[in-house]
Protein chains: 2
Amino acid sequence: MLAVFCVRACSGLGGLRTATRVRSVHSLPGITVAQIDEEVAKLLQLKAQIGGDDGKHQFVLKTAKGTRDYNPKQMAIRERVFNTIIGCFKRHGAETIDTPVFELKETLTGKYGEDSKLIYDLKDQGGELLSLRYDLTVPFARYLAMNKITNIKRYHIAKVYRRDNPAMTRGRYREFYQCDFDIAGQYDGMIPDAECLKIVHEILSELDLGDFRIKVNDRRILDGMFAVCGVPDDKFRSICSTVDKLDKMPWEDVKKEMVNEKGLSEEAADRIGEYVSLQGGMDLAERLLQDHRMSQSKQACAGLSDIKLLFSYLQLFQVTDKVVFDLSLARGLDYYTGIIYEAVLTQAGVAPAPAEAQNGASAEESVSVGSVAGGGRYDGLVGMFDPKGRKVPCVGVSIGIERIFSIMEQKAEALAEKVRTTEVQVDISRADLIAEIRKRTSEA
Amino acid sequence: MLAVFCVRACSGLGGLRTATRVRSVHSLPGITVAQIDEEVAKLLQLKAQIGGDDGKHQFVLKTAKGTRDYNPKQMAIRERVFNTIIGCFKRHGAETIDTPVFELKETLTGKYGEDSKLIYDLKDQGGELLSLRYDLTVPFARYLAMNKITNIKRYHIAKVYRRDNPAMTRGRYREFYQCDFDIAGQYDGMIPDAECLKIVHEILSELDLGDFRIKVNDRRILDGMFAVCGVPDDKFRSICSTVDKLDKMPWEDVKKEMVNEKGLSEEAADRIGEYVSLQGGMDLAERLLQDHRMSQSKQACAGLSDIKLLFSYLQLFQVTDKVVFDLSLARGLDYYTGIIYEAVLTQAGVAPAPAEAQNGASAEESVSVGSVAGGGRYDGLVGMFDPKGRKVPCVGVSIGIERIFSIMEQKAEALAEKVRTTEVQVDISRADLIAEIRKRTSEA
């Protein structure tokens, strides 16, 4: 069997059995993917025949790295959180859809920038090349383009996959839920954007996780800021990724990375440093519209005007107490085109504080437990899938559940709360029924 | 590059470059999995270099083969079906758990027999070797062993993955939901088994899908039958797989496969043929207990006594009208150790009938739309994961939703039913609100 196989394996690549003839393949244009697939299949079959792994090894009883099971108690808490979130999404008129857990690899290609390296690929077992979804936004955009939908409010709650460094005690997993709410379609400026922020406010309030803050910025403000600070065009993305680290690193280290690693001039970095330290509300947007440097950028001005409009809606919704315009917010994903936002819990003691807490950082930093929601506007993503490039403006928000679960679990434990996991109404294994059955059986 | 590669590809399998030397591989024990892995990696690299697909390719806007999206209408139907199923599971006192979508590859190894080739593997991107779950039963057994749980009633509703030939119009997908209910632990004989059948009966009745039938058999009866019919021990599994095809192939073809492909004697095959044509209830079990051949097998007798006991409980539950003891039911999976069952819808016209319909098969066969639920007893599976091999007796049932969805969708369309997909309570983008906002903004 092995001999037959090897002859066929070698001859498969163009019917060649000798070294001389093999070498001449170089000039043969006839080798095809189908032939390679066939050879791969044969080799894998052989591998299966000779028994999987070489030698013996011990079986390890565990879940895959960065993943977890949910026991019935945890499921009960999870269901409660989902119900709150779904209730809010439905109140706001969203329908729900579902998409497969894997997509064609090329559907995900070129959507996530530097983060693409974290995508899980499926093994090539013949047929299409597939990857596990990295978020629910790209599959949503693919769904809209595929079904030519130009107007929808939808929510989608499902697991996504990232080959990231897991930090499970802090709620960072390789498999985790996202609860996404998105609005696609033409609307009056900033109305759907404000609704997304309203939703985050409603959900985090209702879940009663302690105080929180929603940071808001705009990609156009960031790009405009980079331009007026003297960042070369081709470095926008890369500098933006560095700015994104400001929630984990002090400014000095961020500046060092900009200057030493990314080759930015010290002056440009310092100018950026001034801007990214700014936080405020509508007043800050107004002030920056008058700023001698910022006002030179059309892009920045468009972003700042939208922030102003956004805050006027947020005032109406009475949520401005939690929302802050923060020029240091960058967010990693490539596809954002306008407003971006991120919600963080600020209550002390509900979850392990980050390392900075020990280094005398400000009180506010020291109690941050990290981001629990994020999102923004992505007006170009659907167009990347549409054969004619037709754009569908979209804005959305994603609630990350794992950190919220951790907090809810800790709370439940602290309260020694009895979580109900069953709703028994029929218990057909109880003793009296058995007795009844036996009685009838013996009567028969 | 191609020439170098081909030389190496051929030489990789033992350093051989000519046909003569290739033939001698037969006597070489030295071929290793590592070498095969290396060759496969090279071939795939070559494939990537020559461009994935042959020549240039257009981006195709689609979901992966064998998968589908669910639009809001379909989701509404799906939710309704889930609610019915979950309602039943909860009435019967089940808690729910969740497990990751992928498991360590070796967790799945050796559990599915011939079907293992349908498992989706993840690409080796460094780290653990992972596979997508093939069912929810093996992850459940892994969960029990890992958490040392010896007694639980749990349900689990989640997607599973099989690289099968999709037939999407008939509800066969590569990604599909399973709704599993399992009882682990020591109970009086056949009580939990009967409860599983009761649950199938309740759910299929409540979903109102037309008439159905639940076939029941026992692995021990099959094995005993094979033994007394003269099947050699080492052919049980393989002959069992052939018997499993009786729902798709006529007996003549099944017999041919047994005799010509699997090398069974014609007499043995004929004896099996007599048994597998039998269907009945408690009476058939009693009759077979007296059968001169069957009664010689201790295993078969144990199985037949349990079938009798089972039917006595089913009578009490008043579900015997739908349950039939059918000796042709085999089921593919390796891990079953006792009773097995499968539910089929028998109503005409609700879904495409199988090919036999045109060949003058019996009325009952011609209207079968295929299996919608299946399960059985697997007393050895948890022990395969426990470091000390401690067994936990388990029995369970899995409801397949996709065929049910197809039928419900067709019904909804036929009724031109308006499926409600939203529950709008807050519509903050409506015109009057915008007007209000504008008014206030201009006042400010």
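Placed from the backbone N, Cα and C atoms, the Cβ positions cover glycine too.
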Can you tell which of B:ARG162, B:ARG163, B:ARG170, B:ARG172 TrEMBL lists as binding L-histidine with B:ASP135, B:LEU136, B:THR137, B:GLN178, B:ASP182, B:ARG331, B:TYR335, B:TYR336?
B:ARG162
When you tally the Cβ atoms that lie within 10 Å of each candidate's Cβ, which of the binding-site residues (B:THR137, B:ARG331) has the highest tally?
B:THR137
Most distant Cα pair in Å, residues B:ASP135, B:LEU136, B:THR137, B:ARG162, B:GLN178, B:ASP182, B:ARG331, B:TYR335, B:TYR336 binding L-histidine:
21
DSSP says B:ARG331 (L-histidine binding site), in three-state terms, is coil
If you average pLDDT over the domain 'Aminoacyl-transfer RNA synthetases class-II family profile' (B:66-408), what do you get?
90
Per DSSP (helix/strand/coil reduction), B:GLN178 (L-histidine binding site) sits in strand
